[in-house]
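A.B. asks: I have a structure I would like to understand better, so I am pasting it below and will then ask my questions one at a time.
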Amino acid sequence: MVVDADKKELICSFCSKKQHEVKKLIAGPAVFICDECIDLCTDIMKEESKVALKQITASIPTPQKICKILNDYVVGQDKAKKILAVAVYNHYKRLEYVQSGNNDVELNKSNILLIGPTGSGKTLLAQTLAKILDVPFTMADATSLTEAGYVGEDVENILLRLLISAEFNIAKAQKGIIYIDEVDKIARKSDNPSITRDVSGEGVQQALLKIMEGTVASVPPQGGRKHPQQDFVQLDTSNILFICGGAFMGIDRIIRSRTNHSSIGFAANINIDKEKNNNEVLKSLEIEDLTKFGLIPEFIGRLPIVTTLEELDKESLITILTKPKNAIVKQYQKQFELDDAELVIEYSALEAIAEKALVKKTGARGLRSILEHLLLDSMYKVAELKKQRVTLTKEVVDGLIEPVMTSIISTKLNKKQQMIEDIPA
């Protein structure tokens, strides 16, 4: 016990001030601390938190820099890139503002909803953001989620994945980003009330509301269902940014129906509207269309930023095949190079591959499977033969002939012989 030897008066163990010199003196096991030292310690911890947060925000690129990096990997979708870049940047500026203790204006979190057809780049945008940002990031599939108490995955497991991504550093996880894919699959199944619970639709939306808005969630570190006796980790989701994505198949019909019925001259407008492609129709998206699709108003309210991605055309698909840093053609050419072989794809073949993907309506996602199918036999052979050049032509893509394989050595010899023959006698 710390006591002044002269007056037998209690003193602070840290600053040695006497009890009568301070407002409060709090006792611990054989030690005391005064209110002034407590305030000082609190200020020090706040300052350290600010420094840690500034280190995070300082490492976040500006929106223009984020867009520039996204352009290296994602083709097109300029509007979506801009919205994502600004949202991510503002998210971390908001954290810095909240941490500063300045409460004159309350800044709310702005989660994001990405709507676009399959293979338009929703998931790739999120994955690329994960590479750009030095913050914890995780992806989840909404189709595997169910309401608590039913067979399936609880929404708290999404937070567990974020914790794992942050190596169970709670402070880092609370500043992370969560991408929920296929969110359109948890739309309410019907507008009519039913005697059976919609545990994988509206029930999941209800379960996601709290964690998206901001709450202190109890996260089971070993998974929720197999270890019921474990201690839970408390995770504050107030500063976690949620990005949701989905194809929302059929929402274009809902938009067309609304715009037709709200116009004068019904029959004429149907003909005009039919001429619009889905990219143009999605630009007219309203909140009521999402409600009609099956998202509950409370869930939509947690996603204030809504943007649409355009369906990719043939030129965009060809660009995706060849231009980005991680372009699919570049990846396959590198694989052939590792086998001491070459892969040559003619432009007409690239056009045919893009057209196939458009017919299948798989977007960019289907390009790899098409190439994998075309090159399977060639990859099987070149590992043994070596020094081979494999050429893909339009006829190969159309299934008329097999990929053309020639020896690189013989090709070089033929060129050398041709050069000798061309030399004047």
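Even glycines carry a Cβ here, placed using N, Cα and C.
Here Swiss-Prot flags CYS12, CYS15, CYS34, CYS37 as Zn(2+) binding site. The ATP binding site annotation in Swiss-Prot covers PRO117, THR118, GLY119, SER120, GLY121, LYS122, THR123, LEU124. Positions annotated as domain 'ClpX-type ZB' by Swiss-Prot, on the basis of sequence analysis: 1-53.
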A.B. asks: According to DSSP, which of helix, strand or coil covers CYS15 (Zn(2+) binding site)?
C.D. replies: coil
A.B. asks: For each of THR118, SER120, THR123, count the other CB atoms within 10 A of its CB; which of these binding-site residues has the top count?
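C.D. replies: Compared across THR118, SER120, THR123, the most Cβ atoms within 10 Å surround SER120.
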A.B. asks: Please compute the mean pLDDT of the model over the domain 'ClpX-type ZB' (1-53).
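C.D. replies: Per the prediction, mean pLDDT sits at 77 for the domain 'ClpX-type ZB' (1-53).
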A.B. asks: CB neighbours of GLY121 (ATP binding site) within 10 A?
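C.D. replies: Here the count is 29.
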A.B. asks: Would you kindly give the Cα-Cα distance separating CYS12 (Zn(2+) binding site) and THR118 (ATP binding site), rounded to the nearest Å?
C.D. replies: 66
A.B. asks: Report the residues of the chain - excluding PRO117, THR118, GLY119, SER120, GLY121, LYS122, THR123, LEU124 - with C-beta within 8 Å of the mean position of the site's C-beta atoms, for the recorded ATP site, in sequence order.
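C.D. replies: Nearby residues not in the site list: GLY116, GLY245, ALA247, LEU309, GLY363, ALA364, ARG365.
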A.B. asks: For the Zn(2+) site given as CYS12, CYS15, CYS34, CYS37, which other residues of the same chain have their Cβ within 8 Å of the site's Cβ centre?
C.D. replies: SER13, PHE14, SER16, LYS17, VAL22, LEU25, PHE32, ILE33, ASP35, GLU36, ILE38
A.B. asks: Hey, what's the Cβ neighbour count for CYS34 (Zn(2+) binding site) at 10 Å?
C.D. replies: 24
A.B. asks: Of all the binding-site residues here, CYS15, LEU124, which one's CB has the most other CB atoms within 10 A?
C.D. replies: LEU124
A.B. asks: So among the binding-site residues CYS12, CYS37, who's got the most Cβ atoms within 10 Å?
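C.D. replies: Of the binding-site residues CYS12, CYS37, the highest Cβ count within 10 Å belongs to CYS12.
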A.B. asks: LYS122 (ATP binding site) has how many other Cβ neighbours within 10 Å of its own Cβ?
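C.D. replies: Result for LYS122 (ATP binding site): 24 neighbouring Cβ atoms inside 10 Å.
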A.B. asks: Applying a 10 Å Cβ distance cut-off over all chains shown, what neighbour count does PRO117 (ATP binding site) have?
C.D. replies: 22
A.B. asks: So for GLY119 (ATP binding site), how many other CB atoms are inside 10 Å of its CB?
C.D. replies: 23
A.B. asks: Using the alpha carbons only, what distance in Å do you get between THR123 (ATP binding site) and CYS34 (Zn(2+) binding site) once rounded?
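C.D. replies: Answer for this pair: 54 Å between alpha carbons.
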